[in-house]
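As recorded in Swiss-Prot, the features of this protein are as follows:
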BINDING   Gly169, Asp170, Arg171, Lys172, Thr173, Gly174, Lys175, Thr176  ATP binding site
SITE      Ser362  site 'Required for activity'
Amino acid sequence: MSIKAEEISALIKQQLENYQAELNVEETGTVTYVGDGIARAHGLNNALSGELLEFSNGVFGMVQNLESNDVGIVIMGNYDGIHEGDVVKRTGRIMEVPVGDALIGRVVNPLGEPLDGKGAIQTTKTRPVENKAPGVMQRKSVEQPLQTGIKAIDALVPIGRGQRELIIGDRKTGKTTIAIDTILNQKDQDMICIYVAIGQKESTVRTQVETLRRYGAMDYTIVVSAGPSEPAPMLYLAPYAGAAMGEEFMYNGKHVLIVYDDLSKQADAYRELSLILRRPPGREAYPGDIFYTHSRLLERAAKLSDDLGGGSMTALPFVETKAGDVSAYIPTNVISITDGQVFLDGDYFNSGTRPAIDAGTSVSRVGGDAQIKAMKKVAGTLRLDLASYRELESFAQFGSDLDKATQAKLARGRRTVEVLKQPLHQPLSVENQVMILYALTHGFLDNVPVDDIQRFQDELFDYIASNNKELTDEIRETKQLPDTDKMDAAIKSFAEHFQPTKEAK
């Protein structure tokens, strides 16, 4: 077989014509320091703030400090495999997390990686962790109620869809319980819930996930967990990752409830990062931009205008206080950013008033706009009555000679406190809340012993469901209070048959 020279030259020419030179330019730097979740690198002169960088072992980091000689990088993951002298390269991308329906029912870390052992998350959608909050014209005023199922909140400090309501109190006063009960109450409410656990013990998060699963709430919930053993950057990033996951649903016209449990630990993680990055410390050693850290997060919660689909994201940030001191730096910051706060009192909690909500210092700046008309009517004077009872109660301790009007107020106040108590993980429907609050404010409980109030309430609900179901149906469907004569007749009929316990006071 003879090889022709012309064929060879033609083949070479063809190969040369088809050859495409690919020049792949990567800007790289050298790690000069690593430790405590932070790295410094020299040589990345064109790196951008917030840009994602890749280390030689595949771990990613985010540019946080831009200095004259080097860049400060927060490491997103385990930094044990990163050493001085390692190569780090720019990616040209910003920090993103996976989003979409595939995350619902899953437990993930702030990078969107699964923690529940159920395999990879099947989604190709991602969103930037940092995103600009909706502007004034992109928003709509909060008008739809978000029912928490907790009487004391829905009646006294109502929350609306798109609101930011701070839950504040000392440790072990029931903050997380309020969040879990609120999530449980969103069943069949067309709401997607995101629970962001920041610095919570992994055993605690496991317990919360099991509770949500037991009550069927994981069918519409995403859990984002950054445990206390994680590096500080993961704790700092967790709420932003949760917000990005929520925005995907909000901008698609859906309604989202996001719980940040809690922002005190995120602030501590950010303080740690900033001090290691040698940023100048301010009050309580927090960096100067700690207010902006929280404001840019919480401003992402909104009720969107109809032009943008009318979706909403409601935020319930938690802040832990020390000995009830709400004048500390982080509590005052977050109070000024949010649309109200629910203050939990340790003394109330220890005395058995649970949820331990202090009606005097709790407020919702959205107010009655976030209540159905029926609830607005029955709960109108409740807050004032409770505040005057607390005041009278403290004075009544010093003297026994009280006139009948004062004694009646104290008796009604004790029954009000008892009605607002609620067992763990038993959120109430809004129609049942309206029924019991109507009975309270119209004097039907005045002759019921305080110890029997909870039994009276439970039996009243059963009685109404069996004999006067049309009343609760009307409240649920029309959001209005039914005819008061019918309400009075139904409750009076039940009260006449109710048998108090002999030992009850």
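Glycine is no exception: its Cβ is also placed from the backbone N, Cα and C atoms.
Note: Gly174 (ATP binding site) has non-local neighbours Leu344, Phe349, Arg354, Pro355, Ala356, i.e. same-chain residues 6+ apart with C-beta under 8 A of its own C-beta. Cβ neighbour count for Gly169 (ATP binding site): 28 (other Cβ atoms within 10 Å of its Cβ, all protein chains included). Ser362 (site 'Required for activity') has Asp170 as its nearest neighbour among the binding-site residues Asp170, Arg171, Lys172, Thr176, going by CA to CA distance. Remark: Asp170 (ATP binding site) has Glu320, Thr321, Lys322, Ala323, Gly324, Leu344, Gly346 as non-local neighbours, by Cβ distance under 8 Å and separation of at least 6 in sequence. Cβ neighbour count for Lys172 (ATP binding site): 12 (other Cβ atoms within 10 Å of its Cβ, all protein chains included). Taking the centroid of the Cβ atoms of Gly169, Asp170, Arg171, Lys172, Thr173, Gly174, Lys175, Thr176 as the ATP site, the other same-chain residues with Cβ within 8 Å of it are Glu320, Leu344, Gly346, Phe349.
Neighbour count (other Cβ atoms within 10 Å of the Cβ, all protein chains): 22 for Ser362 (site 'Required for activity'). Sequence-distant contacts of Thr176 (ATP binding site), defined by Cβ-Cβ distance under 8 angstroms and a gap of at least six in the same chain, are Thr204, Gln208, Asp261, Phe318.
Secondary structure from DSSP puts Thr176 (ATP binding site) in a helix.
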